[in-house]
């Protein structure tokens, strides 16, 4: 885990060969949706393991079949709220929840608009109550302009003040990190890698493309919804 000195509380896992190998497969344009989803699950899981190293632990006594010895429990692991930003974060969250199996889960549906404004539309929000003992993990694979996460973090504030708030992703652009840290300096950011920059469409370079489309397929744009008839 490497802290980036350009900001406080921003970490990458570029020193982990295995995490970098998974990221390499995700970047590959020939990686199919099945492998892409599995890669996001693996990244969520291994990044979750790394994040536990930053959490408070407690020493405990444990009885083995032979004698008593000393062990530890990761206290904060039992008080986690994972906020999932649909849709690319679904497999990523699946990996995180393998580490934080006690986590309560919130769901946010957010869509980023077109450049240059990149306005965010949020049409579904379900977040559990947040307590001062909680660590909130906002899971979003791609931290590009930061617009989506700024809106999500504003919503999270309405549900309580946690012990810590973490934004966890796969890739980030410096532009998005800067915007988040300017508005929410207390938020910690963990990503597999910080990439070079954004292009004029707001995509991360070199990036890995649209994570949602690559994981689940490109959606078909329907201008009118089909009429549904209900039978009583």
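Just so you know, glycine gets a Cβ as well, placed from its N, Cα and C.
Less than 8 angstroms from the CB of residue 39 (GTP binding site) sit 22, 25, 26, 31, each of them six or more residues away in the same chain. The annotation GTP binding site is assigned in Swiss-Prot to 38, 39, 40, 41, 42.
Feature annotation from Swiss-Prot assigns 5-phospho-alpha-D-ribose 1-diphosphate binding site to 87, 112, 140, 141, 142, 143, 144, 145, 146, 147, 148, 210; the stated evidence is sequence analysis. In the three-state DSSP classification, residue 146 (5-phospho-alpha-D-ribose 1-diphosphate binding site) falls within coil.
Taking a C-beta cut-off of under 8 angstroms and a sequence separation of 6 or more, residue 204 (uracil binding site) has the following same-chain neighbours: 142, 144, 171, 172, 173, 195, 197, 198. Residues annotated as uracil binding site in Swiss-Prot, with sequence analysis given as evidence: 204, 209, 210, 211.
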Secondary-structure category, per DSSP, in which residue 204 (uracil binding site) falls: strand
Rounded distance in angstrom between the Cα atoms of residue 38 (GTP binding site) and residue 209 (uracil binding site): 16
Among 146, 209, the most crowded of the binding-site residues [Cβ within 10 Å]: 146
